[in-house]
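Notes to accompany the following structure.
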Amino acid sequence: MQRGIVWVVDDDSSIRWVLERALAGAGLTCTTFENGNEVLAALASKTPDVLLSDIRMPGMDGLALLKQIKQRHPMLPVIIMTAHSDLDAAVSAYQQGAFDYLPKPFDIDEAVALVERAISHYQEQQQPRNIEVNGPTTDMIGEAPAMQDVFRIIGRLSRSSISVLINGESGTGKELVAHALHRHSPRAKAPFIALNMAAIPKDLIESELFGHEKGAFTGANTIRQGRFEQADGGTLFLDEIGDMPLDVQTRLLRVLADGQFYRVGGYAPVKVDVRIIAATHQNLERRVQEGKFREDLFHRLNVIRIHLPPLRERREDIPRLARHFLQVAARELGVEAKLLHPETETALTRLAWPGNVRQLENTCRWLTVMAAGQEVLIQDLPGELFEASTPDSPSHLPPDSWATLLAQWADRALRSGHQNLLSEAQPELERTLLTTALRHTQGHKQEAARLLGWGRNTLTRKLKELGME
């Protein structure tokens with residue numbers, strides 16, 4: 001690849017300085033600008049190979065600049081940078097035709113690699129997308145790298161009606177992602193219909209999906225449209241697809257292949273144009289191996305896969321999510337939003353959250369009603385949060401194991417506002433081990449030291465430190 005010319009526009013001089021030196025170190029020619037008007041003036045006489053632009057700047061913002069650049073130089077790749085890493089920023093950037101989206105703070109080596117990829121793209125004369133989608137905003141929040149990947153995928157799919165499979169534990173927000181995919185798609189003005197396979201009795205699933213004719217079975221007194229007909233032109237979201245019975249999987253596969261189906265008890269084919277988004281918390285590959293899910297249907301659905309991380313893998317998002325849910329709960333209840341004490345925020349980020357984002361949302365709703373003061377303290381948090389297995393604790397251990405008992409003690413201490421837990425617990429732990437080992441060896445110190453994995457001198461020093469001599 002030929003070395004290229006890079007322009008950087010950002011009102012933050014430190015960002016300009018860092019990028020200019022990093023790009024120059026990679027052998028690229030870099031020119032920096034403080035605002036969008038300077039860039040447009042320079043574009044009148046010359047053009048770079050790639051432009052990096054901040055999204056929020058005084059005067060003309062990055063998206064307005066991007067729009068003008070795409071009108072004048074539609075092939076010029078533009079990378080949008082932002083410290084406000086949310087779904088709307090990502091989708092808006094892609095809608096306006098951005099080459100990519102770079103959330104701050106970014107790894108400088110990754111930024112340089114992205115610039116080089118954009119230059120290669122430009123030099124190969126590939127046309128970037130110019131996406132025009134209008135849709136309502138969503139409540140998706142996430143600055144964690146895994147969530148940024150999700151936002152990118154949604155942005156890149158915003159011109160497409162391709163099938164998507166969403167994987168993630170219960171409570172991670174799979175339906176929210178499905179809504180976002182629909183809202184930021186060409187089908188945004190058409191229906192979005194959701195159906196949970198696990199919530200419907202097996203003998204009613206076919207009727208729910210495909211509808212039925214009058215008299216098709218006992219109680220079918222009228223013709224009824226199924227979910228496919230209701231979603232015609234739009235999106236059908238099939239949640240917990242792994243629970244779909246095999247015979248219904250066969251019918252679904254035929255609909256996906258032919259674009260038509262028969263109502264239960266019907267003889268006339270019904271044609272539909274529906275985008276399928278499926279979701280599951282199960283491992284579908286394993287279900288296929290076990291013969292519980294059709295392999296051909298799996299491949300038909302698994303065109304694009306989105307993995308939603310559990311909350312424990314995106315802990316940096318917990319404070320922002322909690323503040324958001326407290327605001328939402330306050331609006332719902334018509335009260336002033338609660339505030340989180342800094343120690344409470346820290347405690348929330350350390351919890352296990354087996355119910356993921358849904359559990360955090362419900363906790364914030366509970367706090368809005370039950371917390372005594374306007375500021376939420378650690379002791380205000382519901383006890384079951386601490387009684388559940390803590391992050392990194394072996395939840396598979398029996399309830400009377402020492403690790404479980406230690407975790408319960410730590411939970412109680414943290415709820416009471418204790419600090420320096422290690423300095424409090426370590427002497428007691430060592431004293432207990434020493435006492436037990438000496439009792440086991442009938443006071444023989446060298447043998448006790450061997451059992452504990454210490455040298456004789458270490459054991460003697462510990463006895464002195466703990467006042468056990």
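Using the three backbone atoms N, Cα and C, a Cβ is placed for every residue, glycine included.
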Swiss-Prot annotation (DNA-binding region) - matching range among 165-184, 225-244, 445-464: 445-464
Sequence-remote partners of the DNA-binding region (445-464) [C-beta within less than 8 Å, at least six residues beyond its ends]: 430, 433-434, 437-438
Other CB atoms within 10 A, centred on Asp54 (4-aspartylphosphate): 23
Cβ packing number for Asp232 (ATP binding site), 10 Å threshold: 16
Intrachain C-beta neighbours of Thr235 (ATP binding site), sequence separation six or more, cut-off 8 angstroms: Ala178, Leu181, His182, Ser185, Arg187, Ala190, Pro191, Phe192, Ile193, Val274, Arg275, Ile276, Ile277
Pairwise Cα distance for Gly168 (ATP binding site)/Asp54 (4-aspartylphosphate) [Å, integer]: 32
